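Data first, discussion second: the structure below is written as structure tokens.
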Amino acid sequence: MPSKFSCRQLREAGQCFESFLVVRGLDMETDRERLRTIYNRDFKISFGTPAPGFSSMLYGMKIANLAYVTKTRVRFFRLDRWADVRFPEKRRMKLGSDISKHHKSLLAKIFYDRAEYLHGKHGVDVEVQGPHEARDGQLLIRLDLNRKEVLTLRLRNGGTQSVTLTHLFPLCRTPQFAFYNEDQELPCPLGPGECYELHVHCKTSFVGYFPATVLWELLGPGESGSEGAGTFYIARFLAAVAHSPLAAQLKPMTPFKRTRITGNPVVTNRIEEGERPDRAKGYDLELSMALGTYYPPPRLRQLLPMLLQGTSIFTAPKEIAEIKAQLETALKWRNYEVKLRLLLHLEELQMEHDIRHYDLESVPMTWDPVDQNPRLLTLEVPGVTESRPSVLRGDHLFALLSSETHQEDPITYKGFVHKVELDRVKLSFSMSLLSRFVDGLTFKVNFTFNRQPLRVQHRALELTGRWLLWPMLFPVAPRDVPLLPSDVKLKLYDRSLESNPEQLQAMRHIVTGTTRPAPYIIFGPPGTGKTVTLVEAIKQVVKHLPKAHILACAPSNSGADLLCQRLRVHLPSSIYRLLAPSRDIRMVPEDIKPCCNWDAKKGEYVFPAKKKLQEYRVLITTLITAGRLVSAQFPIDHFTHIFIDEAGHCMEPESLVAIAGLMEVKETGDPGGQLVLAGDPRQLGPVLRSPLTQKHGLGYSLLERLLTYNSLYKKGPDGYDPQFITKLLRNYRSHPTILDIPNQLYYEGELQACADVVDRERFCRWAGLPRQGFPIIFHGVMGKDEREGNSPSFFNPEEAATVTSYLKLLLAPSSKKGKARLSPRSVGVISPYRKQVEKIRYCITKLDRELRGLDDIKDLKVGSVEEFQGQERSVILISTVRSSQSFVQLDLDFNLGFLKNPKRFNVAVTRAKALLIIVGNPLLLGHDPDWKVFLEFCKENGGYTGCPFPAKLDLQQGQNLLQGLSKLSPSTSGPHSHDYLPQEREGEGGLSLQVEPEWRNEL
């Protein structure tokens, strides 16, 4: 069958492969079968366009006399090795020559006025000759793979007086550029009409975006010291771009335009309310304790802009200084309620601001088309299925008729949510609006968020003081009054735990209760079975302490559901899962419906009376729903044990909701007063929006605060004190190689790889591995950060295309029936940026024909690091996104993406069981210490592929230069993007801008 590739295409593919071997250090390899393996498993992914078969490529090289080929050996004739675009050293300029001596003062001079350096001075300017596009002050050079392009930058003196070129700085950290200057020495006088030429050669074997900057330093006309003399600079910003076909389809749809939020929603003096949803008829749970509103003080709202300015406590006005003093004082019992309440108020003010991102202008509503309810209107809300924004039954929003928004005092219509179906929300409005409504009438819509979680946290802070819980929150010593003998024999329900000494130790201390009133902590690193340990401990308490009653909680519905699923196996009649009425019953796992408060016959939630709920040995709720038990005023001594799973993932006031008012400190040997926290302080904590609350401690969970600051939980010479804390050490998830770096960085090398050998080594012989037996791939991509429309979140087309290529290899059908070799359910894709998540989903479900044709492709989860916490997959792919250097400092300031956020890095890389693939820019990531260790680990063990690995460079000097160059390079925002940082900081946290976290709906 004739090849579909021409001889020229076969030859070019072979030359590109030969260059690829040079970059990888494999140019001496001659074994034909080994070369075939490298070509098929590794080279084709980074080729960017469809590549010919290995044998066809060899044929093309052979007939072109570029290779010697036998049945067992292949020898490529020596070529001009373009992987590094090499030139004769006598002509080639050193990149950034003399920059180490001058770069600090040089970069400082042009920090604020980059645009000025694009224009000629004293008649001197730069002429460009060669293929390029000029865009926003940047010279864009489009490359075909393995094909050289040459650009000549001609510095011409078009003035009437002589000038002197004193220095020339080609600033570039990538080998795709080479600069040479025809042996013209510097300094070089340039008389009127004279030129100085710099030749720029560009070539790449890899798709990507490769930036460079050229800076000319000149001495102006006139004698030194005379009028007109002086140093001036001219700059040109270059970018070589080689796109894969898929990446070309992912370019920004519309230019990025930053939106401004105009303030609070328009709520006028005239408000008309719709009808609230009917309360469940089976709501028998008492409401004995009132719940306050706890609105932020108006004065705090007024002072917030000044607080965000970061004024020193010593120079700030008195009110600001007092608030800052409260924020900067360490958390103690004496300031516990005051400081945490202030932080909650600040977080709420940020939420009020962030929710405005979702407001809609001139959107139509229609009559409810499905239920034929004449009193409900339907509104399309993009993103509501992903809780962006969160809209639940019982919530409300405000709507103004578009035609009335400019009136002096229009009517604001308050609509209550009755039903949510995919991206459609069904709302009840007042009869006066319904009487004049016609399909297609347009509105301005302002969203709100549910304040219930904040209100119950404020109440919990009040109750903490009322019930004097300081011995539990700031423990100093145990009462040492055991409930059972320390040698009590535990017959485990899960017999597999008997071989794990750490899990046995934790369960024994929890059951005997020797730690009270101090909480007992199960420190569970990734994959060590903390939830399994906690569940078995609950079962043992039920078994050995007949009078015990347990409240088991988690911050999320999924976490609470998991507790219920595992407890019901052995305690089916003793447990009850209490769900919030806003929970979509379709999202509730089928196996827990028999033991939860859903009445299938009535088709609604029920809430049994307090007396009925007290009959169950174990109640399971989210932390926020536990507030309903406080409102019902359960007896303070009813719950003897409170277990909180995922305790490191919630704010401290959120943990208090399940404690304050439901548990008291026990002074005697009576059962009770035992709090158990399970989590990992090295993984992600609570998701916060306000930069102030992040800075001043609201991001600390109760678990992390105790581990960090309380002496009872400190690690001593002999390890942790098992009376208070157990660190689980056996990892049952990951291949030892995947576990290696996070184990060394975050867990003192103590974790032991105990995963099933067959499961963890499933991909050790996968053809796509750069090195067999090493199931980690770091695929280097020099991509480009992009943004589009009014979304501030970043995406990287080249990385998205590379991830898609790997998915095609992993999910390729293994038979003609179309059955995937690997189930999409076993694969997860992680990216820290919301827009990149959207682009990768678009590739999978729309652009790529092979992937979108898989029946179960919808089961492949693509999400943020936060969305994957607590989960695992056989294969994890990570797209780090950040590549253009112009936004590095934004990441450093706000802990965005992976840079400078060890917890996010730790969670991302520890989700994988058998194969971890990371796609990112090694040059950028190498400036973070943790990523640098990981990159070198991959390189040393043969797991690195993609663009050439950067040479080792001094970390601090490299970072200084990188950040300095970021101020020179044009960004996607245009030539004045250095103005972007202070503007975008104003009033909002970087996390909510870039990552766009889900709005909490765990009620």
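The backbone N, Cα and C atoms fix where each Cβ goes, and this holds for glycine too.
Keep in mind it's a predicted model, so treat the numbers as computed, not measured.
So that you can see what the record holds, here are the features copied from Swiss-Prot:
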type	residues	note
BINDING	G524, P525, P526, G527, T528, G529, K530, T531	ATP binding site
COMPBIAS	976-988	compositional bias 'Basic and acidic residues'
MOD_RES	K148	N6-acetyllysine
MOD_RES	T160	phosphothreonine
MOD_RES	T254	phosphothreonine
MOD_RES	S432	phosphoserine
MOD_RES	S969	phosphoserine
MOD_RES	S977	phosphoserine
REGION	966-1003	region 'Disordered'
MOTIF	645-648	motif 'DEAG box'
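Positions of the features from Swiss-Prot, shown on the structure.
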residue : record           : contacts (Cβ under 8 Å, 6+ apart)
T160    : phosphothreonine : G123, P192
S432    : phosphoserine    : E272, I411
G524    : ATP binding site : K530, T531, T533, A678, G679, D680, L728
P525    : ATP binding site : D680, R682, K727, L728, L729, N731, Y746, Y747, L751
P526    : ATP binding site : D680, Q683, N731, R733, S734, P742, N906, V907, T910, R911
G527    : ATP binding site : N731, Y732, R733, S734, L739, A755, E872, T910
T528    : ATP binding site : L728, L729, R730, N731, Y732, L751
G529    : ATP binding site : L497, N500, Q503, L728, R730, Y732
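Listed by sequence, the residues of this chain that lie at least six past the ends of the motif 'DEAG box' (645-648) yet keep a Cβ under 8 A from its Cβ atoms are 530-531, 534, 552-556, 559, 562-563, 655, 677-681, 683-685, 701-704, 870. The Cβ of K148 has fewer other Cβ atoms within 10 Å than any other of the recorded positions K148, K530.
Across the fold, the C-alpha of K148 (N6-acetyllysine) and the C-alpha of T254 (phosphothreonine) stand 31 Å from each other. Remark: secondary structure over the motif 'DEAG box' (645-648) totals 2 helix, 0 strand, 2 coil, with classes taken from DSSP.
By neighbour count, meaning other C-beta atoms within 10 Å, the densest spot among the recorded positions T254, T531 is T531. The Cβ centroid of G524, P525, P526, G527, T528, G529, K530, T531 marks the ATP site; residues of that chain outside this set whose Cβ lies within 8 Å of it are D680, L728, N731, Y732, R733, given in sequence order. If you take every residue in the motif 'DEAG box' (645-648) and average the pLDDT, you get 97. DSSP assigns P525 (ATP binding site) to coil in the three-state reduction, placing it in neither a helix nor a strand.
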